[in-house]
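Novice: TrEMBL lists these features:
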DISULFID  Cys20-Cys55  disulfide bond
COMPBIAS  24-34  compositional bias 'Polar residues'
REGION    24-43  region 'Disordered'
BINDING   His48, Asp52, His135  Zn(2+) binding site
DISULFID  Cys96-Cys139  disulfide bond
Amino acid sequence: HSLIAAVLCVCDAVKFGQLCKGNPTNSRRTSDSWGQGHYGAGRGTRQHQGLDIVCSDGSTVYAPFDVTLNGNVKVYTDPNKTTINNGINLSGEGLCFKLFYVLPDRTSGTVRKGQRIGTMLPMQRVYPGITSHIHVQMCDKSDPARYFL
């Protein structure tokens, strides 16, 4: 029975490795003139459904663990935001999640932990003065914070 318990708890032990070059600890966007980066933060009439991890425009984005690339994600319908309207759908370690504001190198196949998956898009062009970041959103829209240290 202990094996079953260990298998059921394995997802609690999953932690994201480094997502962005220059941010080895996955430090989070806190508060800036555009708002806050935590899950559940207010966004006008809606709530923020992800967690923002600090990443400088143009930085290399890495696979946080071994992942499968499951296609491109469009973030917005607003044509004024096409500059940063890209992301990738990923799965790995029993999790399904999306990374927004990333231009993926490719959108299918597998990538090992720590390998490059793309480039941080130029967020400052759309949101001048914001803390540039990758938005991490779970496919079920649950809070991703528990997967970060």
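FYI, residue positions are counted from 1 along the chain as it appears here.
Keep in mind that glycine also has a Cβ here, set from the backbone N, Cα and C atoms.
Heads up, TrEMBL stuff is auto-annotated, nobody curated it.
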Novice: Which one of these binding-site residues, His48, His135, has the sparsest Cβ neighbourhood, judged by other Cβ atoms within 10 angstroms?
Specialist: His48
Novice: What number of additional C-beta atoms lies within 10 angstroms of the C-beta atom of Cys96 (disulfide bond)?
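Specialist: Taking every protein chain into account, the count is 13.
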Novice: Sort out for me which one of Cys20, Cys55, Cys139 has the most neighbouring CB atoms within 10 A, since those are the disulfide-bonded residues we care about.
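Specialist: Checking each of Cys20, Cys55, Cys139, the winner is Cys55.
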Novice: Residues near the Zn(2+) site, His48, Asp52, His135 excluded, by Cβ within 8 Å of the Cβ center?
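Specialist: Nearby residues not in the site list: Arg29, Gly37, His38, Tyr39, Ala41, Gln49, Gly50, Leu51, Phe100, His133, Val136, Gln137.
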Novice: Could you give the number of helix, strand and coil residues in the region 'Disordered' (24-43) as assigned by DSSP?
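Specialist: Going through the region 'Disordered' (24-43) residue by residue, I get 0 helix, 7 strand, 13 coil.
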Novice: Just checking: which of Cys20, Cys96, Cys139 have a Cα that is within 10 Å of the Cα of Asp52 (Zn(2+) binding site), counting only these disulfide-bonded residues?
Specialist: none
Novice: Among the recorded positions listed here (Cys20, His48, Cys55), which has the Cα closest to the Cα of Cys139 (disulfide bond)?
Specialist: His48
Novice: Tell me the Cα distance separating His135 (Zn(2+) binding site) from Cys55 (disulfide bond), rounded to the nearest angstrom.
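Specialist: About 10 Å separates the two Cα atoms.
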Novice: Near the Cβ of Asp52 (Zn(2+) binding site), how many other Cβ atoms are there if near means within 10 Å?
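Specialist: The answer is 25 other Cβ atoms.
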